[in-house]
Structure formats: structure tokens, C-alpha cells
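Colleague: Okay, here's the structure, questions in a sec.
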Amino acid sequence: MNGQLMKALEELGGEIRPASFKKCDEIIIDQPGFSAVVALWGGHLASFIPAGQEDLLFQSDNQGGEGRFERRHFGIPVCWPWFSAHKKHDDYPTHGLARYFRWELIEAGRFKNGDVKIVIRLASEDHPLIEEMWPLAFELRQVFRFSSKGFRVNFSAANLSDQPMPISEALHTYFNVSDNLSTEVHGLDQVIYVDKLDKSNRHIQKGVIAPCDSLDRVYLSAPEKCEIHDAGLQRKIVISTEGSDSTVVWNPGAELAKNRTDMGDDDYRQFVCVEAANVMNDAYEIAPGGIHQLKLKVRHQSLYEDEG
Ligand SMILES: O=P(O)(O)OC[C@H]1O[C@@H](O)[C@H](O)[C@@H](O)[C@@H]1O
């Protein structure tokens, strides 16, 4: 990392330190109102802890395997440029390639209002294996914005090729909850979803999603806002998106979790994934030379307080 960037990071009270995960650096930001960790491996926002509270993001103690496409369950994996299994190559990783390569820190600083800004980047030219799996040239950026109220992720993908780029994607956020059985997801009432645990049949959501146990659903043409209500932490997490037409809600439940070697048996009790996505009918193409932005805003507040 160049000296100027290091200095900018230091001015934020930030540091870059080697992490055990894939032997790749992490960026740590410690501020009076919050602390945040960005893992350069996969470009995960790994942790965001508001002062005096528990992390908004979940991380598993299970480090996953050592192989290139082994995954660890933490923070916000970026699923891009394909979601689920690759349509042609069953040896390619599920949920795309972006979470398996080292991203580069390219900017550290502040927004005008004092919020902390961290920018990271991944480009197709960064690794021959990326170009092998995805021959269309691209550049990805994530602009993270942190304040004591929460965080934002502005994920942008530029198609640098001369062909249309077909995309399905998700910011696959693992939200940390006190107990999945008492957690509720609000805001998806009356939205049609594809239930992957029911032969991909379509249903209409009735009321809130609760309990958040053994769920694998894609809400199509979903609203831009939903909320996680956590009675145990007396906390509400307000999730707002732009450029995302689908919302994926996932919790593996006990049986699936036990069958996975890359997840602790009880991990599923501590998270629910609510993912800002564009998948299935909401998948799209980026025109040659075009750019697509997927924005996620996450705020925390008391369960008993209206959003300010
Ligand atoms: O790749 P990860 O982090 O293990 O997540 C896997 C899950 O991700 C969810 O988004 C999918 O809807 C599930 O079908 C899938 O099992």
C-alpha cells in the first residue's frame, strides 16, 4: 500500500493488519461511535459494531476450509457476477467469484459530514483465474460509509467489455441476531417469493417472517426497505436498498447446518441473511461500457423507537 493511503488511513484512526483468514490483510477502523472491519479477502465488510452494542454482522468461528473456493460465513459476502450455481460449469464456485479474491484498498478518508469512507476495488485483470472464469472485463468497487448510526455499501460494477454482461448478484449480508427463533423480518408482506425449500414454488408472504428458521426464499420485485426485529437485543435493523429488485432471506436451520463442515452446528441460531439482490426474474444485463450500482444502507435503532 502506498504511503499516502497509509497516512490517510492513520488519520482516520484506522490500521491495516494481517489477518489469519486466507493470510490477507484487514482494515480496522476504530472510532468513538463504532468500530468496523473490512476483510480485503473477498471484500467482505466483516464487522460493524456500534459503541456499546453487539456487532450488526455475524461471523462464524468456523474458519472454513483452506481451498481457494472454501468459504467462511461472515459479514457481507459479495455474490457476483452469478448467484447460486454457475449455469454451465459445476466446478465454479456457487455465488460467483468476487468473494474469493483479494480486493485492493484504494481510498480512505471522510465524507463532508465526517462519516468515514473506505473504498476497495477488484478488477478482472487482477487475477488470471478471474479472467478464466469470467472472460468479460470488469471493475468492481465498494464504497463503505460508516457513522455511529450504521453503515452504507455502494457496490458498483462497470462492464469494460464490448458485450452485454449478464448479471445475477447479492450483497449476502449475515445479520447477527440474538436468537433466530425470536427474530422477525418485517416489510415483505404481500410480496411474491420463490421458496427454494418447496420445489421453488411461488407463494405470497403473509405478514412478518417469523421464526427465521429453515428459510431459503427469493422475494421478487421486493420493496426497498425491510427491518429485522430482534427482541433479545431489543434492536431493530433497518435495511434500505437501491438498485436491488430481489430480497433473499436465508437461514439454513438445524439439519442443513449440521451437514455443513464450514459452519458451526449452532451458528444458524445467531444469524439471518437478508440479501440485497438481483436474481432469477430480476437478473439483468450491464450494457457494454455501462455501470450498475447496488446500494445498501443499514441503520440500527432501539426496537421501541421510530426511525429518526
Ligand atoms: O455461500 P453461503 O454463504 O454458504 O450461502 C449459501 C446460501 O446462500 C443463500 O443466498 C441461498 O439462497 C442458499 O440457497 C444458499 O445455501
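Backbone N, Cα and C atoms are what each Cβ position is placed from, and that goes for glycine too.
Automatic, uncurated: that is what TrEMBL annotation is.
Relevant sequence annotations retrieved from TrEMBL are reproduced here:
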ACT_SITE  His172  active site
ACT_SITE  Glu275  active site
Colleague: Look up His172 (active site) in the DSSP assignment and reduce it to helix, strand or coil.
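Modeller: Reduced to three states, the DSSP call for His172 (active site) is coil.
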Colleague: Check Glu275 (active site) against DSSP and tell me helix, strand or coil, would you?
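Modeller: Going by the DSSP assignment, Glu275 (active site) falls within a strand, counted as strand.
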Colleague: Hey, how far is Glu275 (active site) from His172 (active site), Cα to Cα, in Å?
Modeller: 5
Colleague: Within its own chain, what residues at least 6 apart in sequence put their Cβ under 8 Å from the Cβ of His172 (active site), listed in sequence order?
Modeller: Ile76, Pro77, Val78, Cys79, His95, Val248, Cys273, Glu275, Ala277
